């Protein structure tokens, strides 16, 4: 039912909801269990609560009365199990309508008895999920929809004021219940509101994996009148999901939580939340999220509802600021139509008409291959999948059922159902719980009741789908911009006015035709399409625009098509195109297209002919003879043409594994395996190192080469003779030092050295020097390598070198040191002076390889040529470095001697008397079930692609630029990993613990108080150093002093936060490393690091949103608009972490842990004060406007 039709409702319930907060009832089952019912009461159907509507109406009347008398405005009927599966288990499925009517009539009688003109009482028909999930194939959609129709008819017969579809675990089941209820109302001629409550588990998603955003996107277009949450958890676990609904739902929002998470007690599962605790939580939700209805679920009683009713009686519900985001959704996630810096890409390869591979797989019923094609499009960067099964001679309905049912659970991408047959579209809609798009409608046979337009729109309206509308009318396809816009206007007015669909749910396809025929009438087709898009977006900015893009280039060869498609897409996007049906990986960035090709393609699009110049002929000439094969196929052909041993080395360089085994078999007929490795495979790895060193190869491709090297050696190993000393070129023991859990750098060294002929003994993280030396002695190591990321680790390395001196092993073991906190100067000057043996700094894995080669050459007595240009240059560089170091030391000593004593003030010039914002609560809270899309919006792509993945690009030269790599490698791989990690549930473990604590400053200390009073006792004291020059800053200066707090009667607020991605993402990365999937390992580890940072940034923003100044002005009001400015501290205040810069004392982290208790989200603190899991980070937040990073 559309918003315009809701005046037809036979109740004033929605009016009341709009005026005040309503209170629902609590649990029914809990009360029934306390009623001492006998098996006779159930007529032998033990557990069938619905039969009590007939046998014990008195018990149910009492329960309803108790809730009403406790203050409830509405009660739910005892009809939760009046559905096909529940009653079917008792062989009474034929009584769905009857028992629904009886249960509703009981509640109606009590409501009428206790209601009055001043305060009406309402009845909500409870509609539960049943025990069978249609998305998993347990039951047919149409069967349960019709059963829900029967249940709804009974509720209408009994006098319900609304239907509450609750405890929904499957979006397809929810859709069946809502649409079944609407069908019942049409049959009965009586219309009432429908509310929907989904159940989000402790995992942060619904039972089948649906995020709250996917649920809202799927449910709201069905025409429900209110959406909310119930069951599964207590209020604490619901806050993030309610926040999403509050911000994005255009309809009222409600909640009915359990009385906490159940705990096992003497009487079985017990719910721990007391009535006053539930009331406090729900009152907070109303104030924060603007809820319209609150109540309780499992474990809640009339006592709970009495406290809730009292707590919310006088609360003024705030006006919600809704940010609506037009979207479609899969079962799992929502995809907005508006994409940042991109059109919405609709993958075209799951189309039986457009993809030969997909068609052949569908005809052969090779559904796994069909799913693989769908997943490939996900990897290539598609946002939606266009699913078309129409093919001559096939049963389209059967094919659609087979594929839609599989894609429902196998694809994280929403589906665009593409068919000319309404029966085929309906089959798809009845297997997909997410919000689909329908492709398409037009006026080819008019708009009468029997037209295909009307039949398809009936499906669109009922299922709440988005719809593609083609600019075709009874006269045919529109060719001019004027005609395209004219038909589009007619479509928009018809679809919105007669079918109740939002403009934002309409995708107008202004059609494009090939401009490659040379025919005069087609020359302007590209221009007309572009201008139609521009005019349409000008008139209707909320309407989406789309195109079947590749039509523009039909008739050209594939290479020319790719260029013309890419250029045309760019021009359409500039005109306002929102989406395109296209093969995403076949689109080139404009800067990747050679200038001549780009200009000719633009001339063709805009019909820039001259007497002596035809851009169509010129484009065809440019691509004449150009192979239609992909660049990879060309490269494989080149590879196959090389001599065998050159080919093996080149396979390593290219990272090309296909055909490797056959080449190795052939090679072993000519040379022994060890010779193949040493002479040819290692030559390939040497080339890889040179390419990396010169900036011509990126780290991900280096790791791809290492994977092929590892595979080649593994294939050759069974054919090699084992010797007692199997150390290859040399042996190194690698370890991350004691107290440090970071191992990515160490593992990259492992990969490069082990694939260049060295034996690597990698003993892991947090290794004390005793263990490192024990392994080095046991394994007869040639070299010891130590790694660490933390500043503290540099101190540990120094201590380790001193210990090696003491043990007398310095001359025996040369040492390689690496890590983010180390510098070359520190190692080669300070540490080299301490260590009695060789110690070297390795900036990266390839410098480590070069150092190993040098050390092992010297050990073998292979002295380098002292007079070679390289040796002379190295000596000059070393002499220059030492002279520079000595000069720096001399200058520093002179400056220190010349310094005059400075009087350090007690406090800096930081403003002391600033307004203190009010926190939403005191103490700490935990947050789980975070929507991935919420915090990935603050993921720093540059830090990920450049810093973590090493996509550096070329500045000039022939190689791809950084910007090219971002488009071709970075973003597609990021989308792929986010999709996979989300689908596999790895990102479901992200969690936050944060809190607000009363604080004051005392000199250089921040004191956290036991309560928000200026004279309150000290809970924890944090001491900070003060700058000895400059502004003399100290962290404590940014917190109100105790003296000023006493004078103002108000303390300051100090927020703390700790975020974690959980252990599974680290476990997954380690599995990839162990399985030699080196590139994947690098990428997953990098994503884990940057997602942790993104979550920290996101939660810092949440804290700024929650801290309120006078006039209810949030601290976040000063936030920047551009994402990049977040990474430059463009907001008010800053967050600081112990162990760095201005707060170097890592011991203070233990106090923060005591305040936050992060064990509740699975984070612990090691003896070395490191957080576990590794992908966790903590901070305290300063709200002071002058608070920015500084060093002491």
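Using N, Cα and C of the backbone, Cβ positions are placed for all residues, glycine too.
Taken together, the residues in the domain 'Hcy-binding' (1-312) have a mean pLDDT of 93 on the 0 to 100 scale. Feature annotation from Swiss-Prot assigns domain 'Hcy-binding' to 1-312; the stated evidence is sequence analysis.
Long-range C-beta contacts of residue 298 (Zn(2+) binding site), restricted to its own chain and to partners at least six residues apart, with a cutoff below 8 Å, comprise 27, 29, 30, 231, 258, 259, 262, 271. Residues or ranges marked as Zn(2+) binding site by Swiss-Prot on the basis of sequence analysis: 231, 297, 298.
Residues annotated as domain 'Pterin-binding' in Swiss-Prot, with sequence analysis given as evidence: 343-601.
Residue counts for the domain 'B12-binding N-terminal' (635-728) under DSSP, helix first, then strand, then coil, are 68 helix, 1 strand, 25 coil. Sequence annotations record features per position, and here Swiss-Prot assigns domain 'B12-binding N-terminal' to 635-728 based on sequence analysis.
Feature annotation from Swiss-Prot assigns domain 'B12-binding' to 729-866; the stated evidence is sequence analysis.
Summarising the annotation, Swiss-Prot assigns methylcob(III)alamin binding site to 739, 740, 741, 742, 743, 787, 845. Listed in sequence order, the residues of the same chain lying 6 or more apart from residue 740 (methylcob(III)alamin binding site) and placing their CB within less than 8 Å of its CB are 765, 766, 787, 788, 789, 790, 792, 793, 796, 1168, 1170.
According to Swiss-Prot, the region 'Disordered' annotation covers 860-904.
Positions annotated as compositional bias 'Basic and acidic residues' by Swiss-Prot: 872-881.
Sequence annotations record features per position, and here Swiss-Prot assigns compositional bias 'Basic residues' to 882-893.
Marked as domain 'AdoMet activation' by Swiss-Prot on the basis of sequence analysis: 893-1192.
Among the features that Swiss-Prot reports, S-adenosyl-L-methionine binding site is placed at 940, 1135, 1189, 1190, with the record citing similarity to another entry. If you draw a 10 Å sphere around the CB of residue 1190 (S-adenosyl-L-methionine binding site), it holds 14 other CB atoms from the protein chains shown.
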Counts by DSSP class (helix H/G/I, strand E/B, coil) across the domain 'B12-binding' (729-866): 63 helix, 25 strand, 50 coil
Touch test for the domain 'Pterin-binding' (343-601) and the domain 'B12-binding N-terminal' (635-728), at least 3 Cβ pairs under 8 Å: no
Spatial neighbours of residue 743 (methylcob(III)alamin binding site) that are distant in sequence (at least 6 apart) but have CB under 8 A: 736, 764, 765, 787
Cα separation, residue 297 (Zn(2+) binding site) to residue 940 (S-adenosyl-L-methionine binding site) (Å, whole number): 41
Helix, strand or coil at residue 1135 (S-adenosyl-L-methionine binding site) [DSSP, three-state]: strand
Which same-chain residues, if any, lie at least 6 apart from residue 845 (methylcob(III)alamin binding site) yet have Cβ under 8 Å of it: 745, 748, 749, 751, 752, 753
Long-range Cβ environment of residue 1189 (S-adenosyl-L-methionine binding site), under 8 Å and at least 6 residues apart: 1129, 1134, 1136, 1141, 1142
C-beta crowding around residue 787 (methylcob(III)alamin binding site), within 10 angstroms: 30
Cβ neighbour count (within 10 Å, all chains shown) around residue 1135 (S-adenosyl-L-methionine binding site): 21
For residue 297 (Zn(2+) binding site), the three-state class that DSSP assigns: coil
Shell list (Zn(2+); ref centroid = CB of 231, 297, 298; cutoff 8 A): 27, 167, 199, 230, 232, 256, 257, 258, 296, 299, 300
